[in-house]
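**Q** Submitted below is the structure of interest, expressed as structure tokens.
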Amino acid sequence: MGGSSYQHSVVTTQQRSSMTHCPGNIELQNITRVSEFHLLGLSEDPVLIPILFGLFLTMYLVMVLGNLLIILPVSSDSHLHMPMYFFLSNLSLADIGFISTTVPKMIVNLLNHIRVISYGGCLTSVFIIFGCMDDLLLTMMAYDHFVAICHPLHYSVIMNPRLCGFLLLLSLLISLLDSQLQNLSVLNFSYFKDIEISNFFCDPSQLLNLTCPETFSSTIVKCFVFAIFGFIPISGIFFSYYKIISSILRIPSSSGKYKAFSTCGSHLAVVCVFYGTGLGVYLGSAVSHSPRTGAVASVMYTVVTPMLNPFIYSLRNKDLKNSLRRLCSRLF
């Protein structure tokens, strides 16, 4: 089923080889407009398919349950109605959306041996929205720690509910803008260099890298995406932690320094995992000539990272663990 649909939607092998680079004259090259793309699977070995199915299903269920165990206590316990937990619960919600856009579809594709996704399916993916939300929420959490440590006397005034709601709405609007810009940019192109997507999922950002020919507008969109996903959030986090570390070093007692560091330790660990795996995916795809290596590396970024976040926060947070115990005692 997947193979015949794939063959119906693509051009011949000779034409596909000419699509790896944008030709000077598209009409002379006779590049066929495509309506479907071929996803790269994690393995071709039929013996590994049931193992991968069980592994990813387990990881998905653990991730959803772990993040729900953060959202439920924060929403039900008035002691946790603070800016830090407000952003944390929304980060958990974004993580659930982030992984739910890729893993369930991948599990279905593993069972049905489908490697094809439609052009419309790529454009309607909301993966980029939740990914951008994750990025921006981590930046806002860094700002929250900055205010808490550097301006503790004014914390409740600065981080008021109105500002927290505004920052959350702003992150959602920026994420939607980023996603729509990529969609609109891709829609301006009718031809692509290739129909092979070197990943187990598809979203507009990947199609943007396959557009043919390269234009000034697509370059501008790519720069905007880099600014939203990389430069601005990382700069904000670095600036916040520069100020945080400077303030902590001025604390005279070692116990005070430890308490201040432990306040932002979980967030710093999540930031390192999030950007570390993202950088690993980028470097892995740049160094390795194997597309499957890049696909496996992207699993770390899209699956493993959202699964680890609840463990990092819950294991280091006494308030969250106590609230979870109270919630469990009320339910059972």
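Glycine too: its Cβ is placed from the backbone N, Cα and C atoms.
Relevant sequence annotations retrieved from TrEMBL are reproduced here:
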- 47-72: transmembrane segment (TRANSMEM)
- 66-313: domain 'G-protein coupled receptors family 1 profile' (DOMAIN)
- 84-104: transmembrane segment (TRANSMEM)
- 116-138: transmembrane segment (TRANSMEM)
- 159-177: transmembrane segment (TRANSMEM)
- 219-239: transmembrane segment (TRANSMEM)
- 260-283: transmembrane segment (TRANSMEM)
- 295-315: transmembrane segment (TRANSMEM)
**Q** Who are the chain neighbours of the transmembrane segment (295-315) in space, where the CB to CB distance is under 8 Å and they lie at least 6 residues beyond its ends?
**A** 40-42, 56, 59-60, 62-63, 66-67, 69-70, 88, 91-92, 95-96, 98-99, 102-103, 198-201, 266, 269-270, 273-274, 277-278, 280-281, 284-285, 321, 324
**Q** Among 47-72, 84-104, 116-138, which stretch has the highest count of C-beta pairs below 8 Å with the transmembrane segment (260-283)?
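**A** Stretch with maximum Cβ contacts: 116-138.
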**Q** Determine whether the transmembrane segment (116-138) and the transmembrane segment (219-239) share at least three Cβ pairs under 8 Å, counting only pairs 6 or more apart in sequence.
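**A** Contact criterion met.
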**Q** What same-chain residues lie close to the transmembrane segment (84-104): Cβ under 8 Å, and 6 or more beyond its ends?
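**A** Contacts of the transmembrane segment (84-104) (Cβ under 8 Å, skipping residues fewer than 6 from its ends): 56, 59-60, 63-64, 67-68, 70-71, 74-75, 125-127, 129-131, 133-134, 137-138, 140-141, 144-145, 148, 164, 168, 200-201, 302-303, 306-307, 309-310, 313, 320.
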